[in-house]
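**Q** Please read through the structure below; I'll follow up with questions.
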Protein chains: 2
Amino acid sequence: MATVRDISLAAAINIFSAFIFLILFAILRLQPINDRVYFPKWYFKGIRDSPTQSGGFVTKFVNCDFKSYLRFLSWMPEAIKMPELELIDHAGLDSAVYIRIYLLGLKIFVPFMVFALCILVPFNCGGRSLEDLKDVTFSDIDKLSISNVAPRSERFWAHLVMAYVFSFWTFYVLYKEYKVIAFMRLRFLASERRRPDQFTVLVRNVPPDTDETINEHLEHFFCVNHPDHYLTHQVVYNANYLSKLVEKKKKIQNWLDYYEIKYSKNSGKRPSTKTGFLGLCGKRVDALEYYTQKVVKLSEEEANERERVINDPKAIMPVAFVSFKTRWGAAVCAQTQQSSNPTLWLTEWAPEPCDVYWPNLAIPYVKLTIRRLIMAVALFFLTFFFMIPIAFVQSLASLEGIERVVPFLSPIMEIKVIKSFIQGFLPGIALKIFLILLPKILMTMSKIEGFVSLSTLERRSAAKYYLFILVNVFLGSIITGTAFEQLNSLIKQSASNIPITVGVAIPLKATFFITYIMVDGWSGVAAEILRVKPLIMYHLRNTFIVKTEQDRQQAMDPGSLEFASSEPRIQFYFLLGLVYSVVTPILLPFIVIFFGFAYVVFRHQIINVYHQQYESGAAFWPDVHRRILYAMIISQILLMGLMTSKKASDSTPLLLVLPILTVWFHVLCKTRFEPAFVKFPLQDAMVRDTLERATDPAFNLKAYLHEAYIHPVFKNDNIEQPAAMDEEESNPLVRTRRSSHNTASGPVKHGFEFGS
Amino acid sequence: MATVRDISLAAAINIFSAFIFLILFAILRLQPINDRVYFPKWYFKGIRDSPTQSGGFVTKFVNCDFKSYLRFLSWMPEAIKMPELELIDHAGLDSAVYIRIYLLGLKIFVPFMVFALCILVPFNCGGRSLEDLKDVTFSDIDKLSISNVAPRSERFWAHLVMAYVFSFWTFYVLYKEYKVIAFMRLRFLASERRRPDQFTVLVRNVPPDTDETINEHLEHFFCVNHPDHYLTHQVVYNANYLSKLVEKKKKIQNWLDYYEIKYSKNSGKRPSTKTGFLGLCGKRVDALEYYTQKVVKLSEEEANERERVINDPKAIMPVAFVSFKTRWGAAVCAQTQQSSNPTLWLTEWAPEPCDVYWPNLAIPYVKLTIRRLIMAVALFFLTFFFMIPIAFVQSLASLEGIERVVPFLSPIMEIKVIKSFIQGFLPGIALKIFLILLPKILMTMSKIEGFVSLSTLERRSAAKYYLFILVNVFLGSIITGTAFEQLNSLIKQSASNIPITVGVAIPLKATFFITYIMVDGWSGVAAEILRVKPLIMYHLRNTFIVKTEQDRQQAMDPGSLEFASSEPRIQFYFLLGLVYSVVTPILLPFIVIFFGFAYVVFRHQIINVYHQQYESGAAFWPDVHRRILYAMIISQILLMGLMTSKKASDSTPLLLVLPILTVWFHVLCKTRFEPAFVKFPLQDAMVRDTLERATDPAFNLKAYLHEAYIHPVFKNDNIEQPAAMDEEESNPLVRTRRSSHNTASGPVKHGFEFGS
């Protein structure tokens, strides 16, 4: 059992390490050479185009203004200073709402902390039940927790009342926050400039027609059924293989660039490479020649494939982006059922052009149900049985395992250093690698499920990751053993015993979770701001392959906020806070510090670093809200279990009311606010349409939408358009608009993977 | 334990009693005097207007054509002969689909029966495990059931395979049936003649406006947001009190009529009545004078109230029926969100005019969430704790209870007959009364929840009743004791033990359920056709109060099929069939006979008797489908429990697949077919609009819709319409159309309650 001293020591260590990170960050970020790593957003927005300081050769790389180092925390007030409206304008609504999750944590847990420390801790301290038990070891932390209250004590009324107070406070904060964010979203959508997705609907599962091509069939259907509103449409080509080729070519091109730079640096000596795996084995060849040949060959193949896709009618998928003359028309089409067969002519709002995940548009609609079923089963097994393959790998990675598989290595393995390395480090590393890969695995699973926008993919991955964390980190830490053993032992218990078993273990694990918050939370956030990996990668790329300004742009691309993996982690802190608020209130200050620190850091990051790939208009908020409610229900049920084990089961009926209220609150919020995140009201559409007709009556919408929803690999091609569109083909407006899309979307993020 | 002989005896008795019912029916239905009881539908449809036989005084009441008695089962082929399309035309889609539920039962269980009897019964018979246990009593029925197979036997593979076969067969039949019914619904909707609800949308929660009346606000909103499609609207008045007055007046009028007839029969002697409760106590007065006065007073009051409602702006509810120029426009408005606040301007398809439940339109929208929460809690308590008040009443109804409350009765209660009556009969009667009242209680609960159409109310009541039957009849019979005790004992068990506990008890209860099927199912259906209660009521009314043909029409009104109480009962047989199909296959023939017999009887009833109040276009089918799937999941889980208790737990993983598949099948059907029951596709709307424009270009739709959605109490008034409508006011077409509605809708069903 950890004592208060242990915890203080751990806190000191973690605060110190966070402090070191911050100092390092303060030093590194002021170096002009790192400017593009720590402030890439300003470059992307075109506000900054070279490190601010100018001067001699040295000051170009190192900041010699030593006064600036003294103000090493100056970024904090800067990060907080920017008003929210400006922030939305600068970083987009998604980011602005994302950091509001941390703010929400503060709003919930600061009052919790004050109340709990002032009221519950004295109650718990006075309990003295632990001191009477002489033979049980207990820590000072436990004295401040509910464990210290004797069974059947009247003091439990305090906990009961606090559980109610906390629940109602959370309801209040959540309701207000949902309201504010729904309002922000509507204002954001209303204030936005014209965007192609406002006029466009994604139509899936267009039925085949024997007499007409898909192009004609689409046009006829919408001309008949939306006669006053239909404008134009864009069919989707199955260009998955083509875009693979393009990506492959890009990679090869990168290697070619690398060798060209190498050649120009030490001229005379032509670089060579090996043709085998990663350039490590195989025949040695002249690198420049080898890669030039490869690029030429791929270019040829790409051109052929491009030809094939455009001319082959089978490459046209039964999917299309249909655009309307007005937002009203699009809103109507997106929200209604078109055909009497509800699996044909499925309409939904088109995602933003940069948000489209093109490969999934080629999945036949009928396969989706089966894919989702399989993925649901896979998720279940991944969550509960993920330890089995890892245990297998671990057994292989043991001394005996390696000796059995590769016996000739055994002399080496007898060396003591290597032996202890294998024994101490290898088994852990398998788990670590799995956990690092997990978000990618979950994202792949979401992709297999066939969602067609990046934002949906991220939200679905986040849901999967949350389940995994809930089962394996939360329940897994409380009940020791692998998830599968837990499942087995839980299922064999009585239904009403499960909350008791878990509930009893909860106060005992408080110190563990406090340490977890400090290590994972505090230090994790401090590491986030330092951006070690992007820092190294940027400098590597900058040295070896950057030739033009555009290359540098690519090299410094910070990518988006990783919603899919970071949001579930925040949710875990919400869960901890809610579960422990009544049980071990001393955990709350740690949570509050986490939320506060993370809020400042991420506000800095979204202002200066991340460059969102798409803008969903905070469409993820219903998920965030729902998961906090899940956490509430879990905490309420576990408290009920704990109370029962404390023989305070009179409280059960009163506590039973709380989850029911929570579910009801969920339904209330769902009906009240969720439509704002899913649908688009006709009234607002009409207002914007009318306004636009008045201000810009001559605007050529058809030309504007002409190439908005074209697959990125075709962006510079002249794809043959349906006959009805031809008259607009040569409009100069298209080119201008298109090039601006080209920058925003496309494979910037996935473009370059060094050395893979 | 019942033996095969006991069962055969019970079957013989039940078959005999059913036979008696049929004979009685055959005799009674041929009497001209009963023609209006057994064939009211033909009178309502105007095809028949007096009993077919004509002749002397005697033959007017009694059928003397003795040959016709010989063909006493002749109604059966007649009932089956009518082809389905004609049936839909004659009785409506709701009724035609309702009897398909029975047909579905046959489609599922006849192959089940054949397979089970041919394959499973020999397997079970060969088990012989029961014969080895000398000290356990067992019946012949058990020998045919799974109980007879020894634990760990390889024979369980047969049951496992059959469970799969049965599940897949059920999936197949359900899928096909859903498809057929979705198609029937779409064809029905498409083939229907013009109906007001096709053009009309119900708008709820119209926000108040400081400058405009609700009438103006509505008109402006829809003129702005649906400019090309909005036609007109009809506000809703809060006429709940007024319609109560109208109903009260009608009852008093009935009494007046009764006494007038009495007076005219034995002229000279003026009838008298007492003013107190039910005319049993109070001052004796002249009946004619008394009731005439009352009618006059009520008429006055009604006129005043009518005046008030029409002129008081507060009587206008924030609800309106908004009509559109085209079906397309209405379909768009019904399926889209209007305002950015998703709780304002809520639109949904308007129910058919006769389907509207007017009192609930006056419920403020904000109260609905709270009402539904309260009703959900109430349903929970009703389902699990309904025995507590009944036990209390029973304790009062015991000898000691009565003596304590009314001590002066004790001498009478010493009489032996009365004593035994009280002891043997009274306690049971409390439960019986409760069960008879239950559908009414559940319907009241649904009404409190605030649904605005009769069809929805019936569907919601059916859902509640199904839950009650499931918990109290099914689980309650299997685990003896009240539901509350069961809940308590179940919750204290291990989660995975619940299916085992229930599963083990299932084969033991087979004989009980066989008897239940015969008593409740077979005899219940036979009693249904005899219509004892309507028969008596009709003759009473006919004798005492019928003066005009319209009175007779009211007296013979058979009402609608009681979907809310009969559908859950059918579902109970599906549940029994599915649960026992693998466990005790000998139960299946009894189920099959029930479904077959009920199919014929109800087909006869919907052809000849029931007169549906509204037509929802089989909107209840998704509920029926879903409940059968619930039953499947229950049966699969219980089989899993039973197998585990038989030590055949190797089968658990294989059996676990079945519920997962069932859930997946549910999702599949839901996405595939359910939209057909909820939404209306734009394509179909457009086709009908175009067709109608071509065939009937001059049709005055505004006039047609003018009074379609007016509260029934205002049907003959001239309510002041919004200014925009005035030009149509005097169109003669309105009157004609209106009067036809008047017959179909209105308070025909609730109109007259004799003697209450």
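Note: Cβ is positioned from N, Cα and C throughout, glycine not excepted.
Bear in mind that TrEMBL entries carry predicted annotations, made automatically and left uncurated.
Take a look at what TrEMBL says about it:
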{"type": "DOMAIN", "residues": "A:10-177", "note": "domain 'CSC1/OSCA1-like N-terminal transmembrane'"}
{"type": "DOMAIN", "residues": "A:198-360", "note": "domain 'CSC1/OSCA1-like cytosolic'"}
{"type": "DOMAIN", "residues": "A:371-643", "note": "domain 'CSC1/OSCA1-like 7TM region'"}
{"type": "REGION", "residues": "A:725-756", "note": "region 'Disordered'"}
{"type": "TRANSMEM", "residues": "A:6-28", "note": "transmembrane segment"}
{"type": "TRANSMEM", "residues": "A:101-123", "note": "transmembrane segment"}
{"type": "TRANSMEM", "residues": "A:156-175", "note": "transmembrane segment"}
{"type": "TRANSMEM", "residues": "A:373-397", "note": "transmembrane segment"}
{"type": "TRANSMEM", "residues": "A:417-438", "note": "transmembrane segment"}
{"type": "TRANSMEM", "residues": "A:465-484", "note": "transmembrane segment"}
{"type": "TRANSMEM", "residues": "A:572-602", "note": "transmembrane segment"}
{"type": "TRANSMEM", "residues": "A:651-669", "note": "transmembrane segment"}
**Q** Compare A:6-28, A:101-123, A:156-175, A:373-397, A:651-669 by their Cβ pairs under 8 Å to the transmembrane segment (A:572-602) and return the stretch that comes out on top.
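**A** The listed stretch sharing the most Cβ pairs with the transmembrane segment (A:572-602) is A:101-123.
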**Q** Please check if the transmembrane segment (A:651-669) comes into contact with the transmembrane segment (A:156-175), where contact means 3 or more CB pairs closer than 8 Å and the residues in each pair are separated by 6 or more positions.
**A** yes
**Q** For the transmembrane segment (A:156-175), name the stretch out of A:6-28, A:101-123, A:373-397 with the most CB-CB pairs under 8 Å.
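**A** Looking at each of A:6-28, A:101-123, A:373-397 in turn, the most contacts to the transmembrane segment (A:156-175) are made by A:101-123.
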**Q** Limited to the domain 'CSC1/OSCA1-like cytosolic' (A:198-360), I'd like the whole-number average of pLDDT.
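**A** Looking only at the domain 'CSC1/OSCA1-like cytosolic' (A:198-360), pLDDT averages out to 83.
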**Q** Can you name the far-off residues of the same chain, 6+ from the ends of the transmembrane segment (A:101-123), with a Cβ under 8 Å from a Cβ of it?
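**A** Same-chain residues near the transmembrane segment (A:101-123) but 6 or more away: 144, 149, 155, 158-159, 162, 165-166, 169-170, 173-174, 177, 567, 570, 573-574, 577, 581-582, 585-586, 588-589, 591-592, 594-596, 598-599, 602, 624, 628.
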